[in-house]
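Down below is the structure, laid out as structure tokens.
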Amino acid sequence: MSCTESEPASFMQESLCQKLKTTVREIISFSICCGFLLNQHYNPAFVSLQMMKHAWDNYKRYAWGLNELKPISKQGHSSNLFGNIQGATIVDALDTLYIMEMKEEFKEAKEWVEKNLDFNVNAEISVFEVNIRFVGGLLSAYYLSGEEVFRKKAVELGEKLLPAFNTPTGIPWALLNIKSGIGRNWPWASGGSSILAEFGTLHLEFVHLSHLSGNPVFAEKVMNIRKVLNRLDKPEGLYPNYLNPSSGQWGQHHVSIGGLGDSFYEYLLKAWLMSDKTDEEGKKMYYDAVQAIETHLIRKSSGGLTYIAEWKGGLLEHKMGHLTCFAGGMFALGADGAPNDKTGHHIELGAEIARTCHESYDRTSMKLGPEAFRFDGGVEAIATRQNEKYYILRPEVIETYMYMWRLTHDPKYRQWGWEAVEALEKHCRVDGGYSGIRDVYNNHESHDDVQQSFFLSETLKYLYLLFSEDDLLPFEHWVFNTEAHPLPVLHKDNGNKEENQK
């Protein structure tokens, strides 16, 4: 009896084949999760490497040099976030290729950057997205490989982003034409405001641009953002998502630790860590913000799930976004420096957020998390609106599992990570790569036909690190930007090391 034939000879044979396939799948899953596969040296880290190879090979085959891949249509996909700049997937994936020791792939990616990565384009770009993906990706590739082309390209692009800061307050525009230097904000953003998560997520990269170029202007621009923020009153100690770059005043008093706010808080903590814990201002801003978040936004559902609500003019919306799930890892990463013996409390807070986000995955048909989930109307950790039920290969939940594993070594985080691998392989893997899903509560896949660049940069990297040893990119020497690009801690004793090597 062959179980590989497309049409089994009988219903009984079909049933037996299905049972056999299911049993084999279960054996393989169990074996891989335990770190072996039928006496071969397979393990979960190897599986995430194979996933990376599938994603990369199909990008190379069908969309090489373009920004992203449409894995069902098997063609390129371009987002207006990058304007006419091309190669987002290549630059975003450089460090993942290097870390996974995919040497040939890294070499061809480096050659593309040398020959084809061009910033001399007449196009409007998102300052935030280009910074975290392109500047962050190039910096990380340089620090890992030492290849000078990456440093030069990072500094060149950084210089092209500087006109975004030409506002009355120095709070940068969201959008910038990198040829004309003309900037503007998103038309939907609260009366022409800049967005907290966008202007607040430049600090790590711009400090490193100054470090590598010897030009202090990059660091000065982001330090000025702090000065503006510190002059402002914060409602209940919270930072609204909108700030007008002309008046220097808050826009609507909406507060979120998810979209529009998220990585601002992450970068306060990581700026302190990246400074070898000398950036006392960043430290104070972070822990003060966490205190306000705990007081006003963090709640517990009747079923015992801890979640982070959104704050709109003093009223709570009991909704949590997938993006907010990064906060579990952030709380745990910052636990060691927490004031007043609160280290254990911050670790526990991270664990509770991780559990809630795992529940948001576990309560769907596909075991993949929705874009947002709610805690009202009798539901907990479930999306109730159709436009919140999609999954676009986002990394934040796996990111938190990775941090929680590294900081606690509780095996459930690797188990939960493995569940995500199985779900990605079952529902998102297609012949031409990996695709997002339109409704994770449906039993039948409806793919969105986009392989996001951050799937290679973040999701697969965090999976690989989750299943690798702790000495691969150890936290005492590296911090990850919000696109998972590792940047070295600037240790006090070797702060001029890079300049001395040039």
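Using the three backbone atoms N, Cα and C, a Cβ is placed for every residue, glycine included.
The recorded disulfide partner of C357, taken from TrEMBL and restricted to C325, C428, is C325.
Counting every protein chain shown, the number of other Cβ atoms lying within 10 Å of the Cβ of E371 (active site, proton donor) is 20. For E129 (active site, proton donor), the nearest neighbour among the listed recorded positions (C325, C357, E396), judged by C-alpha distance, is E396. The active-site residues examined here are E129, D262, E396; by Cβ neighbour count within 10 Å, the least packed of them is E129.
With E396 (active site) as the anchor, the candidate recorded positions are D262, C325, C357, E371, T482, and the one with the nearest CA is C325.
Neighbour density for T482 (Ca(2+) binding site): within 10 A of its CB lie 25 other CB atoms from the protein chains shown.
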